[in-house]
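A.B. asks: Structure below; questions to follow.
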């Protein structure tokens, strides 16, 4: 749906479906960062437990015990051996949530600090590690429970545009912090 709607004219949108497979994530995420050198990567995952559009603040490195679609689980139960326990996105999710909520879309946006220690969290951490925090993850409920594809597409469009706006207005501050 987001691919149909697009983003503002100055943004190149690339949409990929990432398989629910640990080893594919470990190969694909770094390859996509290398191929596109994006300003930001926003991952979107469906959560059967979600009833809102949920912005995830951070990704976790350890605790991956569930088998993926290939019946595989990393022996180390972690994303990056020796990596930090948790990596925060540089995006201020509270500000993005407030600004999107103020737009009056018919979608509720919430915040979370736990993406679930399965492939969503694994993908998010892998991307955050690769990008030094220049990633975001949005959990959405299954279609129709309660939102339509169109509602979710419009919400994602607004969320991503707010995230890009945040990055553009804080770029000098972010670059300064990463030089130290």
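Cβ atoms here come from the backbone N, Cα and C positions, even for glycine.
What TrEMBL shows for this protein is this:
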- 56: active site (ACT_SITE)
- 120: active site (ACT_SITE)
A.B. asks: Quick check for the class: what is the C-alpha distance, in angstrom and rounded, between residue 56 (active site) and residue 120 (active site)?
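C.D. replies: With distance taken Cα to Cα, residue 120 (active site) is 10 Å from residue 56 (active site).
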A.B. asks: So how many other Cβ atoms are close to residue 56 (active site), meaning within 10 Å of its Cβ?
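C.D. replies: Result for residue 56 (active site): 24 neighbouring Cβ atoms inside 10 Å.
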